[in-house]
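Engineer: Starting off with a structure, shown below.
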């Protein structure tokens with residue numbers, strides 16, 4: 001089996017949301033841009049998804065995985081257990097499943113989601129940064145779940161401490177201190193980005209807006225997704241590279257393309273789960289596949305195919321933009337590291353979605369992984 005002597009994170013199942021008659025991806029030579037010539041010993045693992053029996057319909061050549069997934073998982077589980085053990089007056093609302101026999105399964109799901117996201121999207125992060133990013137993601141997923149499934153979407157959670165940047169909950173005080181100790185320069189940006197996500201979500205809840213007149217309207221709404229500041233702050237914190245605003249300014253278009261691709265991938269891979277929850281618990285469907293299906297009066301399979309084709313178009317634009325930077329001799333080392341970190345997020349986001357249990361259990365085309 002591949003990687004048997006390396007700390008690959010175990011995979012169980014993967015899935016393809018479209019199926020065997022999917023369109024082929026564009027032929028783009030990302031490998032020539034991002035292949036490392038001299039790989040350091042502490043480098044992330046490079047995974048070739050098809051060797052692991054993960055369906056990989058994309059022009060992206062590989063994904064990378066952090067070696068520190070065990071530490072990330074332990075940190076995430078520790079935080080959610082500490083929060084859930086608090087009195088209700090101290091920790092605010094919890095996901096509804098925490099109140100009954102579904103508690104363990106829900107904790108496992110949240111931790112798996114956060115760890116998977118952290119180790120594939122931010123693979124070059126140090127062990128401490130992986131732990132803190134896993135916890136950050138878990139807090140966002142935890143809060144998001146309360147907002148989506150709560151009766152009013154106005155319930156307070158521990159994440160509301162990030163809005164004021166003055167934590168009251170003892171676990172949030174500890175988290176703030178650990179982030180700032182790890183990186184006093186980039187840490188505040190990560191904490192503020194979590195606060196922006198929480199605050200914006202209350203004012204512009206995606207769960208309250210699920211009808212769009214045009215596809216362009218939907219895509220514009222998602223391009224300004226409430227998660228975008230966090231997505232970018234997490235990349236910067238994970239890489240640990242401190243850059244001036246002048247050094248990061250040239251990458252605005254590359255960042256935007258990364259966000260666009262991430263949104264399309266998320267919508268494509270989460271569609272079946274969203275539709276199931278719409279039928280069973282009256283959940284809202286905020287999804288490009290659904291918008292295409294309704295506006296164009298096409299069946300779900302065709303809407304998924306169109307969504308995947310749109311992601312291919314973004315990959316073409318991303319390749320052109322990243323080629324411009326990676327072949328530019330004027331690019332300094334810090335800027336190059338950031339471009340590579342963005343590419344890791346692009347590939348990692350796809351792998352994360354394709355192997356995530358909370359999505360694969362609703363899928364039709366599921367495969368056992370080989371790890």
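We number each residue from 1, going along the chain as drawn.
Glycine residues also receive a Cβ, built from the backbone N, Cα and C atoms like all the rest.
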Engineer: In Swiss-Prot, which of 248-256, 257-265, 266-274 is labelled motif 'NSE motif'?
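Structural biologist: Per Swiss-Prot, the stretch marked motif 'NSE motif' is 266-274.
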Engineer: Ranges 352-359, 360-367: which does Swiss-Prot label motif 'WxxxxxRY motif'?
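Structural biologist: Checking Swiss-Prot against the ranges 352-359, 360-367, the motif 'WxxxxxRY motif' one is 352-359.
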Engineer: Looking at 134-138, 139-143, 144-148, 149-153, which one is motif 'D(D/E)XX(D/E) motif' according to Swiss-Prot?
Structural biologist: 144-148
Engineer: Tell me which of the binding-site residues 144, 266, 270, 274 ends up closest to residue 359 ((2E,6E)-farnesyl diphosphate binding site) in space, Cα to Cα.
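Structural biologist: Closest recorded candidate to residue 359 ((2E,6E)-farnesyl diphosphate binding site) by Cα: 270.
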Engineer: Using the CB centroid of 266, 270, 274 as the Mg(2+) 3 site centre, which other residues of the same chain sit with their CB within 8 A?
Structural biologist: 267, 268, 269, 271, 273, 287, 359
Engineer: When a 10 Å sphere is centred on the Cβ of residue 270 (Mg(2+) 3 binding site), how many other Cβ atoms does it contain?
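Structural biologist: Result for residue 270 (Mg(2+) 3 binding site): 21 other Cβ atoms within 10 Å.
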Engineer: Specify the count of other C-beta atoms within 10 Å of the C-beta of residue 359 ((2E,6E)-farnesyl diphosphate binding site).
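Structural biologist: Other Cβ atoms within 10 Å of residue 359 ((2E,6E)-farnesyl diphosphate binding site): 24.
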Engineer: When you measure from the Cβ of residue 266 (Mg(2+) 3 binding site), how many other Cβ atoms are you left with inside 10 Å?
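Structural biologist: Its Cβ has 20 other Cβ atoms within 10 Å.
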Engineer: Give me the Cα-Cα distance between residue 270 (Mg(2+) 3 binding site) and residue 358 ((2E,6E)-farnesyl diphosphate binding site), rounded to a whole Å.
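Structural biologist: Rounded to the nearest whole number, the Cα-Cα distance is 9 Å.
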